[in-house]
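Worksheet: one structure, shown below.
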Amino acid sequence: MMTEKSNGVKSSPANNHNHHPPPSIKANGKDDHRAGSRPQSVAADDDTSPELQRLAEMDTPRRGRGGFQRIVRLVGVIRDWANKNFREEEPRPDSFLERFRGPELQTVTTHQGDDKGGKDGEGKGTKKKFELFVLDPAGDWYYRWLFVIAMPVLYNWCLLVARACFSDLQRNYFVVWLVLDYFSDTVYIADLIIRLRTGFLEQGLLVKDPKKLRDNYIHTLQFKLDVASIIPTDLIYFAVGIHSPEVRFNRLLHFARMFEFFDRTETRTSYPNIFRISNLVLYILVIIHWNACIYYVISKSIGFGVDTWVYPNITDPEYGYLAREYIYCLYWSTLTLTTIGETPPPVKDEEYLFVIFDFLIGVLIFATIVGNVGSMISNMNATRAEFQAKIDAVKHYMQFRKVSKDMEAKVIKWFDYLWTNKKTVDEREVLKNLPAKLRAEIAINVHLSTLKKVRIFQDCEAGLLVELVLKLRPQVFSPGDYICRKGDIGKEMYIIKEGKLAVVADDGVTQYALLSAGSCFGEISILNIKGSKMGNRRTANIRSLGYSDLFCLSKDDLMEAVTEYPDAKKVLEERGREILMKEGLLDENEVAASMEVDVQEKLEQLETNMDTLYTRFARLLAEYTGAQQKLKQRITVLETKMKQNHEDDYLSDGINTPEPTAAE
């Protein structure tokens, strides 16, 4: 069986009765199976038909002994087949992105202090273990934790205040509140620990040093608020009783985590305007809820039913149960803060002060709603308004120039197609605020699959690839539009992203070929390859059947890009010649003639360069000879002066020497 697989010969089920069991599958353990079946498993990854063949062999009834062996073999085959099918394939790295991005940047962390000696080895190991528990504030796990901590914060901000104001709510469900309270306390404490293990960026690098993380958090105001929010004020229950949830108001100080969750959600969501509106509505509902609770407390302190402004007497069955109490107060708070309804007028001074305060808050809420909602709606409709302005301008121009109705309808349909398919975004305008590196990376991610289909660009340099993807321009053609006509000078190449194009005859009806998404044409004509039988003219009529999205690369942009990459230009031209040669569109005689002309031009250029070098060399030699002669003359003059000075010194010494006296 193994020999047949390696030779590519598949045995028939009829012949399988004479085969022995594969030696790689044994009943005595996993090691023998792994050791003996390594080549077989590699071969089995290519095709599942041998496995199915072996399964069919297992089903074939046999006579005699060996039933247990057959069961073991069947189990082994099924296990191998399942492992092979459920094995995750590693994604093949894309060479285009690898050439552009280069090697991935490894995670760099900053540490405090220098470790020395063998004693430090254990410290490093411990530090590595601690680093495993450092959360990246930009990661998904940190965001999930923000969602977890936002829930108890919102619970305390809503229900803790309501329980403190509505005593029936606290007394009827106090067991549930105890469980939720201490669960939220546990989450608060866990959040304090996680904040101590949350990294931060320092010069763009994620800091994971425990001491730095601790110091960075402890010296902030948020740390003081977090500690204050977990102070065990519940101990006051022993003095005032368990039905006094107001002693837990310090839990409201943990509000920053909820706001942080909202901010991160706004940056992550694909619908930021809708989230902002929802967030604003939530804030308004919380304010109305708090105001309703405060109204109930004020009514309780003044006395229920004392006057028309306070809450009615709870002895009345209609107003004496919890649901009616809260709904009535919420209704009163909504009418007061929104100033859209009539409420009973206040009677006492404290009632007047509270209503005045509520009216001021209501005005601020109304202004906030109008401002924020108006701004959000304007932002949501900004793209449509801009697009509609373009359509109106085109309509006005066509009416002014008295364009035919058919052409006007065609233009309107083209605009409708752009809006329906969300193709109104100007890529240059959207990406202009990004640095060049990020723009290039976005462009290569967006246009990568398209650019890879162009034959001449498959092996180009990474730098040239970046230049090219930045120069690709999207174009949309309407049904019946000619992308190019036979005999036109080719100044652009096109890559089909969506739609279908037809290669048609001169009559525009007869179709020779159909081009679909992924096809490209015109890439050879923009290279100006010598010897091409096509030259730089189009050889066919190409027409759009429906609305077609194409990417265009102009000849000028390509030449501008390859100016800085002469080697890449040679590679592109050589690859273009190979393609033309395979398709029989290269005139070898003309190529040879052009090569001879090129050689002759190179020889002439070389002779000119040699003459120039000879002239420069002769000039340098003359300058050298003249400089050497001048140097010799200066040396001769200096020697003469030195000799003259030496003689003068000798004579002066002889004159100044006194004659010896007779006594001496």
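The backbone N, Cα and C atoms fix where each Cβ goes, glycine too.
Some features that Swiss-Prot has for this protein:
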- 1-146: topological domain 'Cytoplasmic' (TOPO_DOM)
- 1-51: region 'Disordered' (REGION)
- 147-168: transmembrane segment (TRANSMEM)
- 169-178: topological domain 'Extracellular' (TOPO_DOM)
- 179-199: transmembrane segment (TRANSMEM)
- 200-224: topological domain 'Cytoplasmic' (TOPO_DOM)
- 225-243: transmembrane segment (TRANSMEM)
- 244-248: topological domain 'Extracellular' (TOPO_DOM)
- 249-267: transmembrane segment (TRANSMEM)
- 268-274: topological domain 'Cytoplasmic' (TOPO_DOM)
- 275-298: transmembrane segment (TRANSMEM)
- 299-321: topological domain 'Extracellular' (TOPO_DOM)
- 322-356: transmembrane segment (TRANSMEM)
- 339-342: region 'Selectivity filter' (REGION)
- 357-381: transmembrane segment (TRANSMEM)
- 382-664: topological domain 'Cytoplasmic' (TOPO_DOM)
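Counted over residue pairs 6 or more apart, the CB atoms of the transmembrane segment (322-356) and the transmembrane segment (147-168) come under 8 Å in at least three pairs, which marks the two as touching. Take the transmembrane segment (179-199) and the stretches 147-168, 249-267, 275-298, 357-381: counting Cβ pairs under 8 Å, 147-168 has the most. Mean pLDDT for the topological domain 'Cytoplasmic' (382-664) in this predicted model: 82.
Long-range contacts of the transmembrane segment (249-267) within the same chain: residues 143, 146-147, 149-150, 152-154, 156-157, 160, 164, 184-185, 188, 191, 222, 225-226, 228-229, 231, 233, 275-276, 279, each at least 6 residues beyond the stretch ends and with a Cβ under 8 Å from a Cβ of the stretch. With helix defined as DSSP H, G or I and strand as E or B, the region 'Selectivity filter' (339-342) counts 0 helix, 0 strand, 4 coil. Remote same-chain residues near the topological domain 'Extracellular' (299-321) are listed as 328-329, 344-348, 350-351 (criterion: CB distance under 8 Å, separation of at least six residues from the stretch ends). Within the chain, the topological domain 'Extracellular' (169-178) has long-range Cβ neighbours (under 8 A, six or more residues past its boundaries) at 159, 162-163, 242-243, 245, 322, 326.
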